[in-house]
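See below for the structure under consideration.
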Amino acid sequence: MPLRLDNASPDFASKFKAFLAMKREVAADIEAATRAIVDDVAHRGDAALLEATEKFDRLTLDAAGMRVGEAEVEAAVKACDSETVDALKLARDRIEFFHRRQLPKDDRFTDPLGVELGWRWSAIEAVGLYVPGGTAAYPSSVLMNAIPAKVAGVERVVMVVPSPGGTLNPLVLAAAQLAGATEIYRIGGAQAVAALAYGTATIAPVAKIVGPGNAYVAAAKRLVFGRVGIDMIAGPSEVVVVADKTANPDWIAADLLAQAEHDANAQSILITDSAVLAADVERALAAQLTTLPRVKIARASWDEFGAIIKVAKLEDAVPLANAIAAEHLEIMTADPEAFADKIRNAGAIFLGGHTPEAIGDYVGGSNHVLPTARSARFSSGLGVLDFMKRTSILKCGPEQLAVLGPAAMALGKAEGLDAHARSVGLRLNQR
């Protein structure tokens, strides 16, 4: 059964603290096994990559067979249902429109001393996109990861996707084509992450790796971080719905289940000031649950990690929502904008009853790659800036150096870095 909390209870603070500390993933000790795979690919390249693909994906390939050719992509697109492809095109266009507004501007200015300062933005040259295969194939995630990279100006977007038994999801390939992926390889797991980071004879290395994956993929991303950049280590998905008596309980129940059906470790939370609404949502959820194809997954998620939190007044929900720092925050109240203005920590906010999270997942335009497990306290969802770098620019003339140089020399000497002081002093004809 889901957890029930009431902030009127004397032990609420301790129970809420325990709730925040709840672990939704039991991480197996896989680092050693993952490190062995990563090190093997780093040292033996294609040979290790092909061996791991045969072992884990039951797929025998040669080096040339790893890359998915244009003809195969075209055939996959033709095999897709036209209505779904049209939906992907709509999603692509809206995601691109949203992310183009995130493009930053260069700047160059002169300060009162006459020093020229500024910054310049440039795209990362090559990015690897990991896409899960098999039953967890989500073409929408291809769009969400690849399109911001292309908008940023990334030249090489390299997609890797496992094909257990040799089968690739046609919609994933269609999404890759629509999003502008430049290379696609039928490899997955920790070995694919290693290939992207270190490169092989077949796959040139990238500078950053993004995209979700299983525990081995997450462990591999941790191991290669530093050699390449990574987006984030994503945990199970989560939603918080804040609602008052004006909300529709059937809609809330559907949204809670939409999160629960993702994964048995997903989390769905309702915070409300209405005991009547809470009871109505529970009844609606129980009725809807039995009609879902993924009923076992959704039930496990709701029973194990679901929660209904009753608050005395709606304002009490603000600190709770900020503490949870949910990946998705839906606000179904009489004045959702007013509530949202008080929220500091959330991956994405969905305002009003007609904005279900599912719209943001697919066709809203905003990105659905969002921080989980309370990391919205310090991080943001994926965007254009994740695929760009800012370089500072500084220019002094003789006059400016004469003004700033003595202070730089003093600080260099104070820090025991005499060569620093000398590099300025020589230009000032000082020793």
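Cβ coordinates are placed from backbone N, Cα and C, and glycine is handled just like the others.
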Binding-site annotation, Swiss-Prot, substrate: partner of Ser237, Gln259, His262, His328, Glu415, His420 in Asp111, Asp303, Asp361, Asp386:
Asp361
By the count of other Cβ atoms within 10 Å, pick out the sparsest of the recorded positions His262, His328, His420.
His420
Applying a 10 Å Cβ distance cut-off over all chains shown, what neighbour count does Gln259 (substrate binding site) have?
29
Tyr130, Asn214, Ser237, His262, Glu415, His420 screened against Glu327 (active site, proton acceptor), Cα within 10 Å - retained binding-site residues:
Ser237
